[in-house]
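Listed in TrEMBL:
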- 1-25: signal peptide (SIGNAL)
- 32-224: domain 'L-asparaginase N-terminal' (DOMAIN)
- T41: active site (ACT_SITE)
- T41: active site, O-isoaspartyl threonine intermediate (ACT_SITE)
- S88, T121, D122: substrate binding site (BINDING)
- T121: active site (ACT_SITE)
- 245-355: domain 'Asparaginase/glutaminase C-terminal' (DOMAIN)
Amino acid sequence: MKKTFKLLLSSAAVMAALCGQSAQAADAAKPHVVILATGGTIAGTGATSTTTIGYTAAKLGVDKMIAAVPELSKVADVRGEQVAQIASESMTNEVWLKLAKRVNELLAQKDVDGVVITHGTDTIEETAYFLDLVVKSKKPVVVVGSMRPSTAISADGPINLYNAVILAGSKEAVGKGVLVSLNDQINAAREVTKTNTSTTDTFKTPELGFLGYMQDNKPHFYRMSTRKNTADTEFDVSKLNSLPRVDIVYGYANMDRVAMDADIAAGAQGIVQAGVGDGSIAAQMMPAIRDARKKGVIVVRSSRVGSGIVARNGEANDDQEDLVVSDTLNAQKARILLMLGLTKTHDTKELQRMFYTY
Ligand code: DGL
């Protein structure tokens, strides 16, 4: 009797040890993901559960957002840091530089497999592209937001955050550049843009399409970006505390030079024109552009249209006027690449190479 009892005890102990080991093994297998919070609607709260506009963004701290999605702990070893707490229309170069430096510090650590950045959707595409150009790692970086506040019926924040953590911890996302993932879709930072003021399917990649889907707790990729990004870029912000001023001048019928002159007087080293059509420049704007070039201000022709290539010597004599074209980058993305380009050179041929590279 005693012998069987001892045998039972020892096998129970073995079972418990094995279960303990398997739980430890499962934990060890979970990716380590750090969530860097900056604010936005995903951290927003509304007066009632049906408030989906007119709520307050940037209210919940990162630990509260993580606690609101207990399923996160099943898919990754997650911890959070609060980098900022702002509505993203108020994003600044200072927050960008702080975020970029922290992302690079974390991704250099062996015990970090990926980073998620929670962010307001208004400028998510700009922050994502900025990071696409300055993150020095192939590890996944996923920028995520939501279109409904955390207090709303069918809030999209929790599922977007859950999917973003899975994506950031996945092997499939390694080497894909910075990703923007909401609404079960995966977009490349270079091309994604907000296309609707308030619906949950607002993020699109016009014409070129998104990279894949988040479905059934895993990423499904069907495309990759063809442009250099993250570990392959030439830009380094580790020692920068500011960025060159670059402004955007919106093109429209009957425009004049007042806005461009004011931007240059305020210290702009570069101007991106969100031109009509194929980045066309109004005849009455050419004197302002020639004056800008004489002052050494770089002028990039982009377009307000939203998709397609702005090609050299199409709607303007770029060679003769010594201008740069944005290729397929929209004006807000072209501004970011020009800001970083100007930290390295004012040579228009070198800058044009960058617009054909990234
Ligand atoms: N204020 C906007 C922002 O923080 C709200 C939009 C959102 O985050 O969905 O970008």
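Every residue gets a Cβ built from N, Cα and C, even glycine.
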Cβ within 8 Å of the mean position of the Cβ atoms of S88, T121, D122: remaining residues of the chain near substrate: G40, T41, A87, E89, M91, H119, G120, T123, I124, G145, K194
Mean of pLDDT values spanning the domain 'Asparaginase/glutaminase C-terminal' (245-355): 97
Euclidean distance between Cα atoms of D122 (substrate binding site) and T41 (active site), Å: 10
Listed recorded positions (T41, S88), ranked by Cβ neighbours within 10 Å, top entry: T41
For S88 (substrate binding site), the three-state class that DSSP assigns: helix
